[in-house]
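In what follows, a single structure is set out as structure tokens and then discussed.
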Amino acid sequence: MAIIKFPEHFKWGAATAAYQIEGAVKEGGRGESIWDRFSHTPGKVINGDNGDIACDSYHLYREDIALMKDLGISVYRFSISWPRIFPEGIGKVNEEGVKYYHDFVDELLHNGIEPMCTLYHWDLPQALQDKGGWANRETIEAFGQYASFMFQEFKGKISKWLTINEPWCVSFLSNYLGAHAPGNKDLQLATTISHHLLVAHGLAVSQFRKIGEGEIGFAPNLEWLEPFSNKEEDIQACNRGIAWFIEWFMDPVFHGKYPEFLLDWFKDKGVTLSIDEGDMEQISQPIDILGINYYTGSVGRYKEGEGLFDLEPIDIGYAKTDIGWNIYPEGFYKALHKLKVQYGDIPIYITENGACYNDEVENGEVKDTRRIEYLKQHLISLKRAIDSGVNIQGYLTWSLLDNFEWAEGYDMRFGLIHINFKTLARTKKDSYFWYKQMIGNTWFER
Ligand SMILES: CCOCCOc1ccc(-c2cn(C[C@@H]3NC[C@@H](O)[C@H]3O)nn2)cc1
């Protein structure tokens with residue numbers, strides 16, 4: 001048997017997000033978010049599920065933190081519900097919301113768990129959406145005000161910040177593919193939004209440099225694409241598909257410019273970017289940490305006219321998780337290696353990696369052996385990336401809890417802890433016990 005051992009000071013954690021776990025959507029002075037509106041729109045979310053109650057972590061966070069302490073994680077990634085702080089997105093602060101997050105963060109710190117805070121994890125205040133949302137440059141300023149408030153308010157308590165979670169999902173999945181809130185299907189709109197998100201990220205970083213303490217970054221998601229053959233057309237098609245997730249967002253932040261070949265590709269689709277003076281300088285201010293979210297990869301080949309990039313993902317028979325995503329740990333290593341080659345030694349935290357398996361409680365147990373296998377396979381790839389020189393500082397699995405998986409609702413379960421969404425009972429899965437032992441040992445047996 002092989003022993004897969006991680007560095008002694010490697011940080012182990014878990015991740016969640018406000019709209020997916022909190023519930024209490026009309027409590028504590030919280031304003032409406034675009035996900036309240038979207039999830040209550042018939043046909044948008046499977047089973048008509050919504051985040052009204054979710055895991056009720058708004059009320060049960062002390063129980064959740066006790067579970068985190070038992071699990072042995074040293075860092076917990078959560079997100080702030082922007083409309084809990086600014087119910088209208090800007091202007092009047094909701095003091096109840098501020099107090100809630102102080103109580104929450106204090107409980108984390110009291111239990112020796114480091115908070116990693118995501119400022120924007122998709123729950124835009126609806127009041128801002130009503131004025132155009134991320135398509136309106138005023139939202140950039142609103143995000144800057146929100147971020148500045150949070151940096152000042154939580155100085156000395158939170159020292160790891162992420163500005164935007166998965167800007168590809170916020171822009172293209174939500175405004176071109178239409179799968180997430182607000183559900184637009186407009187490539188020009190989505191591309192404009194992707195730029196505004198990056199400008200907003202840069203504004204928050206510039207404010208952080210004046211006000212904040214600690215480290216700041218953002219958390220792009222990426223899906224790997226393996227060429228079906230070594231035909232140049234297949235390789236180039238997959239490069240385009242990968243660049244949509246990686247270069248489109250990482251090049252502006254790390255190199256101060258968009259990838260020319262994608263700009264040209266979008267131009268041929270009639271899509272242009274309106275870049276204001278100073279935007280690229282703002283976007284490309286140095287960041288301290290990089291969050292990376294990885295779940296899956298696919299095999300792709302060139303097919304003229306297919307999708308946005310003449311790229312056809314093909315199913316060659318890889319095993320899949322219960323949400324239908326390929327299990328492709330090699331893509332994890334390849335993506336991380338690509339990041340080192342193209343963007344250098346920025347300290348990386350894996351801010352999301354995990355599997356959807358919908359095992360239920362039987363006799364008080366959840367025997368999610370498939371999740372343990374997924375974690376092992378991906379941690380093996382992660383260790384390969386670390387040993388090949390990628391500067392990875394920590395791994396936070398998605399997710400601590402089963403939760404509201406966006407348009408997939410509650411059927412799709414990613415947690416180490418099972419949630420009974422009727423009783424809100426928490427049940428530790430077998431993967432919880434495996435992760436706990438692995439954290440304690442800093443190694444696992446293969
Ligand atoms: C119309 C076509 O639509 C196809 C669906 O296309 C996607 C792509 C990607 C995702 C996706 C979901 N997640 C997990 C989340 N990451 C953040 C955290 O909140 C997790 O819940 N990552 N990527 C969903 C859907």
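A Cβ is built for glycine as well, from the same backbone N, Cα and C atoms used for every other residue.
The structure displayed is predicted, hence computed values, not measured ones.
Going by TrEMBL, these are the annotated features:
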- Q20, H121, N165, Y295, W398, E405, W406: substrate binding site (BINDING)
- E166: active site, proton donor (ACT_SITE)
- E352: active site, nucleophile (ACT_SITE)
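Taking the centre of the Cβ atoms of Q20, H121, N165, Y295, W398, E405, W406 as the substrate site, the nearby residues of that chain (Cβ within 8 Å, site residues left out) are A17, W122, E166, E352, S399, N403, F414. For E405 (substrate binding site), the same-chain residues 6+ apart in sequence whose C-beta sits under 8 angstroms from its C-beta are Q20, I323, C356, D411, M412, R413, F414. Counted within 10 Å of its Cβ, the other Cβ atoms near W398 (substrate binding site) come to 24, all protein chains included. Least packed by the Cβ count within 10 Å, out of the binding-site residues Q20, N165, is N165. Between the CA atoms of E352 (active site, nucleophile) and W398 (substrate binding site) there is a gap of 5 Å, rounded to the nearest whole number. With a cut-off of 8 Å between CB atoms and residues at least 6 apart in sequence, the same chain places A17, A18, Y19, S79, N165 near H121 (substrate binding site), listed in sequence order. Among the record's substrate binders, Q20, H121, N165, Y295, W398, E405, W406, no two C-alpha atoms are more than 18 Å apart, and one pair sits at exactly that spread. Following the DSSP three-state reduction, the secondary structure of the residue listed as 'active site, nucleophile' is strand. Secondary structure at Y295 (substrate binding site), taken from DSSP and collapsed to helix, strand or coil, is strand. Cα of Y295 (substrate binding site) to Cα of E166 (active site, proton donor): a span of 12 Å. Reduced to three states, the DSSP call for N165 (substrate binding site) is strand. On its own chain, W406 (substrate binding site) has Q20, W35, V45, W122, H180 as residues at least 6 apart in sequence with a Cβ closer than 8 Å to its own Cβ.
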